[in-house]
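One structure is given here, and the rest of the page talks about it.
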Amino acid sequence: MSSVGISSIYSGCSVAAGVTGNIFAFVLFVSPIPTFRRILRNKSTEQFSGLPYICSLLNCLITLWYGMPLVSPGIILVATVNSVGAVFQLIYVSIFISYAEKAIKLKISGLLIAVFLVFLAIVFTSMEVFDSNGRRLFVGYLSVASLISMFASPLFIIVSSSGTQAFRLLRLHISLHSYGCMYIFMQKLVIKTRSVEFMPFYLSLSNFLMSLSFLAYGMFKDDPFIYVPNGIGTLLGIAQVMLYSYYSTKSGEVSRQPLIDSFA
C-alpha cells in the first residue's frame with residue numbers, strides 16, 4: 001500500500017474517532033435536561049447548585065479556544081464538541097439564574113461575568129504575548145488544568161458521608177456534564193452504599209466511549225493535551241463499568257432508577 005493510501009486511512013480513522021467522540025459527548029451534554037425541566041416546571045432551583053455548570057462553561061470555552069485553528073491547527077473536532085458544550089452550559093446557567101433566589105442569582109450572575117472576563121483575558125494574552133507554538137502550549141496547559149480541577153473538586157464531600165447524606169450532597173452538586181469529577185464522586189458513592197442505584201449505566205458507558213474516542217483522536221493527532229486528560233477519563237470510565245458490574249452482580253439487582261430521572 002502506498003504512503004498516500006496509508007495517510008488517507010490514518011486521516012479517516014482520526015476523523016472517525018473525533019466524530020464519534022462528538023456524538024457521545026452530546027449525550028452527556030443533554031443529560032441535565034430533566035433537571036432543568038424540573039426547575040422550569042417548579043419555577044425554582046430548589047437545592048440544585050449552579051456552580052458545576054459555571055465551571056463546565058469555563059472548561060468548554062478554554063478547550064474550544066485550544067481547538068481553534070489560530071491556536072491548534074488540525075483539531076477542529078475539539079472546537080466543535082466544546083462549542084456545543086459551551087452553548088448547552090450557557091443555556092443551563094441562564095435558566096438557573098432566571099429561577100434562583102436573589103442572593104444566588106447575583107452570585108451566579110457575577111461568576112458568569114467573571115467566566116467571560118477570564119476567557120477574554122486568556123484569548124488576549126495568548127494572541128498578544130505568545131507566538132504560535134507558545135500560544136498552543138499556554139492554552140493547552142490551561143485546558144488540562146481546568147479539566148483536572150473539575151476531576152478533583154467534589155472529592156472532599158464524600159469522604160465522611162453516609163449513603164443518605166451522600167445522596168443529598170449528590171443532589172446539591174450534580175452536573176453530569178462535569179464527567180470527570182462527577183464520575184469519581186459516583187464511584188465513591190457506589191462503594192459506600194454498595195448499590196448501583198445512583199449510577200446511571202448509559203451515562204457511564206457514554207462517558208467511557210467519549211473519553212476513549214478522544215483518547216484515540218489525540219493519539220492520531222499526537223496531541224498530549226487531548227490524549228492525557230481523555231486517558232484519565234477512559235480509566236475512570238473503565239473503573240465505573242467494573243464497579244457497576246461488580247455491585248450489580250453482588251446485590252443481584254440493577255439500578256432501580258437512573259439518578260437523573262429521580263429529579264425530573
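Each residue, glycine too, has its Cβ placed from N, Cα and C.
The transmembrane segment annotation in TrEMBL covers 6-30 (among others). Tertiary proximity for the transmembrane segment (6-30) is limited to same-chain residues at least six positions away from its ends with a CB under 8 Å from its CB atoms, namely 75, 77-78, 80-81, 84-85, 88, 176-177, 179, 202-203, 206-207, 209-210, 213-214, 216-217, 220-221.
The transmembrane segment annotation in TrEMBL covers 51-68 (among others).
Taking Cβ pairs closer than 8 Å, the transmembrane segment (74-96) reaches residues 15, 18-19, 21-22, 25-26, 29-30, 32, 36, 39-40, 45, 48, 50, 53-54, 56-57, 60-61, 63-64, 66-68, 108, 112, 177, 214, 217, 221, 223, 226 in its own chain, all 6 or more past its ends. The transmembrane segment feature in TrEMBL is assigned to 74-96 (among others).
Long-range neighbours of the transmembrane segment (108-126) within the same chain, counting only residues 6 or more positions beyond its ends whose Cβ lies under 8 Å from a Cβ of the stretch, are 50-51, 54, 57-58, 61-62, 65, 71, 93, 96-97, 100, 135, 138-139, 142. What TrEMBL records for 108-126 (among others) is transmembrane segment.
Positions annotated as transmembrane segment by TrEMBL: 138-159 (among others).
If you look up TrEMBL, you'll see 201-220 (among others) marked as transmembrane segment.
Under the heading transmembrane segment, TrEMBL lists 226-247 (among others).
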